[in-house]
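The active site annotation in TrEMBL covers ASP339. Annotation source TrEMBL lists Zn(2+) binding site at CYS207, CYS210, CYS229, CYS232. The domain 'Mur ligase central' feature in TrEMBL is assigned to 53-265.
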Amino acid sequence: MQSMASQLAKLSYLTLKKAGRTGGTWPGEIALRLDKSYLSNNLEKLQQGFVLVTGTNGKTTTTHLLVEILRVSGMSVVTNSSGANLPNGLASAFIEAESQKRNPDIGVFEIDENYLPSILNLVTPRIVVITNIFRDQLDRFGEIETIKNKWIKSLSGKGVQLVLNSDDPAVAAIGLLGDLDSYYFGIDFKHASNFANLKSPKDSGFCLRCGEKLTFKIIFYSHLGDWSCQNCGLTRPKPTEMGGNYSLQLPGNYNQYNVAGSILASTLLGIERQISLTVSESFVGVFGRGETIDFEGGKFELHLAKNPTGFTQSLSEVHDAVSPVIVLLLNDKIADGQDISWIWDIGLEEIIIHPQHLIIGGSRANDLALRLFYAGIETERLHVYENFHHALQTASQLSNGEKVPIVATYTAMLKARKILLGKSLL
């Protein structure tokens, strides 16, 4: 049965590739419908095991960087490079490897937060990296404590090595309260001033053991910092790998966390730290995360934002942009999260100051325009477009030759990227 599943799925992959489409989930969907064990069987075949990367923000960048480190170190890696992080996306990665006649040693996959427990119920990874937990897609996931409890339950007794963000109390609590084999990364306090501009709403300000309010000596952004509970004594564990002062090509100081997590995971996999650091310093990022694209005489820089913290990080990053225009795109498809109430948690009043023009688009453009109006943005600065192509054309015309930042939710980012490049990723 698996052979038939594999053959039909590979046929689907090759057909899509011939049509100019790559990275889709349909080949994996076919394989799993014909053989439910297709993914678990292939994961178990990997001689050096596999790594899962999850969390609200930073999954894709952390996964791509870790893959690059391993490949530079001579390993053959299978990964869901398109960012398709549901089981059919992981299965599609194996179909792609089979179609290209590759025989991978190890797997590195980003996995949707809600699907981590279901994968752990089938197979045991070598390492699980958890970047952070922020409020994200509330209609689908629920609140932070719910996710944390699901993860602890699914990880217990598995013998997995955990790579955890010590500065995120919700993530650190998974290791501290779950009595799991945990290793921590975080930011060196000496470099806290580098994060001064990353203002964002605090999503986890209470102790996940006793429920009392946490004390923060330092906050890097949102609820990430030097935290402790004065009531029960739970405190930030000391990180093994400390970021904050890496010399990176990646934009945004928040990427210091993604690099620290990748370096720590690669160290546990036996890679020399200096190799990981050298690769990290030259790493330029992945699609939609600071990616620059030329379009109709203008230059655009894509920034993915799918929750209050991510949106605030992206806006903070472009805060000092010299461009007279910024593009903001908000969709509410399933992959974006259909509950968009989080836009009222973004501190737009402090961030959207400089640009003369704000180009607003997406299925919930009017909601975002209303939020901007209540943030005190003058209506003459707001330009709302239903048509993405028209929105990008207008932005290019208004840019005066300067790079135009685009801050967009996931499906909006993919649609904008398709227009800018003239082709789709998925």
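Just so you know, the numbers here start at 1 and follow the chain as drawn.
Cβ atoms here come from the backbone N, Cα and C positions, even for glycine.
TrEMBL annotations: computationally assigned, not manually curated.
On a predicted model such as this, the values are computed, not experimentally measured, just so you know.
Where TrEMBL records a feature, it is marked here on the structure.
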residue	record	CB count, 10 Å
CYS207	Zn(2+) binding site	22
CYS210	Zn(2+) binding site	11
CYS229	Zn(2+) binding site	19
CYS232	Zn(2+) binding site	12
ASP339	active site	12
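In this structure the alpha carbons, written CA, of CYS229 (Zn(2+) binding site) and the residue listed as 'active site' are 32 Å apart.
For the pair ASP339 (active site) and CYS207 (Zn(2+) binding site), the C-alpha distance works out to 26 angstrom. Apart from the site residues CYS207, CYS210, CYS229, CYS232, the chain places the Cβ of LEU208, ARG209, GLY211, GLU212, LEU214, GLN230, ASN231, GLY233, LEU234 no farther than 8 Å from the centroid of the site's Cβ atoms, the recorded Zn(2+) location. The average pLDDT computed for the domain 'Mur ligase central' (53-265) is 90. CYS232 (Zn(2+) binding site) carries neither a helix nor a strand DSSP state and counts as coil.
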